[in-house]
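The structure appears right after this line, and notes come after that.
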Amino acid sequence: MKELVVDLKEKSYSIIIKKGLINELSNEINKVYKGKKIFILTDENVNYHYGDKVKDSLINNGYDVKKIVLKPGEETKSFNTLPKIYNEFLDFKLTRSDLIITLGGGVIGDLGGFAASTFLRGIDFIQVPTSLLAQVDSSVGGKVAVDLDRGKNLVGSFYHPKVVLIDPDVLITLEEKFFKDGMAEVIKYGCIKDKEFFYKLKEFKSKDEVLDNIEDIIYTCCNIKRIVVENDEKDKGERMLLNFGHTLGHAIEAYYNFNKYTHGEAVGIGMYKIIKISEEKGIMPKGCADEIKDILIQYSLPYDIEIENSDEILETISLDKKNINSVLKIVLLESIGQSFLKSTNIEFFK
């Protein structure tokens, strides 16, 4: 078992990483919640493997439990899904002294967390991330949000969980493409903050080797994010470094209506493209783009695409929340493991 504490004064919380944790959630929940009513949000895929198991375990430990099962995929993380969730909360007579559990990947964590933050002005929630992407990234840091038709995460808030409970064993049932999806975010951490970690990832020869080291991998990623979030909770400076690859990545996702590329695939493309553009413009010395390309290929992730309608991509980038007064902050690398923010504008991408 590994444990980290995100130190945010009265909003501090633990991240617990332990194989088999899905079978003993009640023990950890009891440490942070003394009530009896729990509402679980999950999706159809996760529910198939773990939904009833978690619900029955909680009921057997004396909790009054209701579960909502949503369709998997980014389309569910829509503003339009919220009324359905709020109505389920009302039917269950959920109060501010009760608890919500998000059992799923990044979509469920973001959507459920945002619903928790807004219903009755805030109900405590616990993250139980079941995808690699959620375990290493989206479940930590308190960013919760939903998408609008014109882009990702345009309606959201900062709302931290009471605890994050990570069981690496659940990754065994994760679809292969979503395991690769999560590896893109893992690679991102090496790119922006940890050169040694990046090159360690390059040494792994198989998925089995990655899984043999998965607790350490998750811990390293969560620890990097913990440090950044403690220094810049509200995303005004250093935390923006975590968005490496995301400016273009989010635009690619929206351009293809969130159904051609997974989030991680789009971020991988975004990481490579932004460094390649920077090298071509002479902002960075050549070399980093090829290293990123090589590791993306190693993990069977795409690194480049042809955009047929670049105007649509540029329009989406202009809506990016890092675009303030027409000044767009992008994340670049001095070298692998050394990242920095550069102020530019939309012309950078033309």
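Cβ atoms are placed via backbone N, Cα and C, with glycine included.
For reference, Swiss-Prot has these:
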type    : residues                                                               : note
BINDING : Gly106, Val107, Ile108, Gly109, Asp110, Thr130, Ser131, Lys143, Lys152 : NAD(+) binding site
BINDING : Glu185, His246, His263                                                 : Zn(2+) binding site
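Features recorded in Swiss-Prot, as mapped to the structure shown.
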residue	record	Cβ within 10 Å
Gly106	NAD(+) binding site	27
Ile108	NAD(+) binding site	30
Asp110	NAD(+) binding site	25
Ser131	NAD(+) binding site	29
Lys152	NAD(+) binding site	25
Glu185	Zn(2+) binding site	26
His246	Zn(2+) binding site	25
His263	Zn(2+) binding site	27
Can you see whether DSSP assigns Ile108 (NAD(+) binding site) to helix, strand or coil? helix
Determine, using Cα-Cα distances only, which of these binding-site residues is closest to His246 (Zn(2+) binding site): Gly106, Ile108, Asp110, Ser131, Lys152. Lys152
Considering Cα atoms only, can you say which of Gly106, Ile108, Asp110, Ser131 is the nearest neighbour of His263 (Zn(2+) binding site) among these binding-site residues? Gly106
Remaining residues near the recorded Zn(2+) site, that is with C-beta within 8 Å of the centroid of the site residues Glu185, His246, His263: Leu133, Asp137, Ala184, Lys188, Gly245, Gly249, Gly264, Ala266, Val267
Where does Glu185 (Zn(2+) binding site) sit by DSSP, helix, strand or coil? helix
Determine, to the nearest whole angstrom, how far the Cα atom of Gly106 (NAD(+) binding site) is from the Cα atom of Glu185 (Zn(2+) binding site). 12
Ser131 (NAD(+) binding site) - helix vs strand vs coil (DSSP): coil
Rounded Cα separation (Å) that holds between Ile108 (NAD(+) binding site) and Glu185 (Zn(2+) binding site): 17
I'm trying to understand the geometry here, so how far is the Cα atom of Ser131 (NAD(+) binding site) from the Cα atom of Glu185 (Zn(2+) binding site), in Å to the nearest whole number? 12
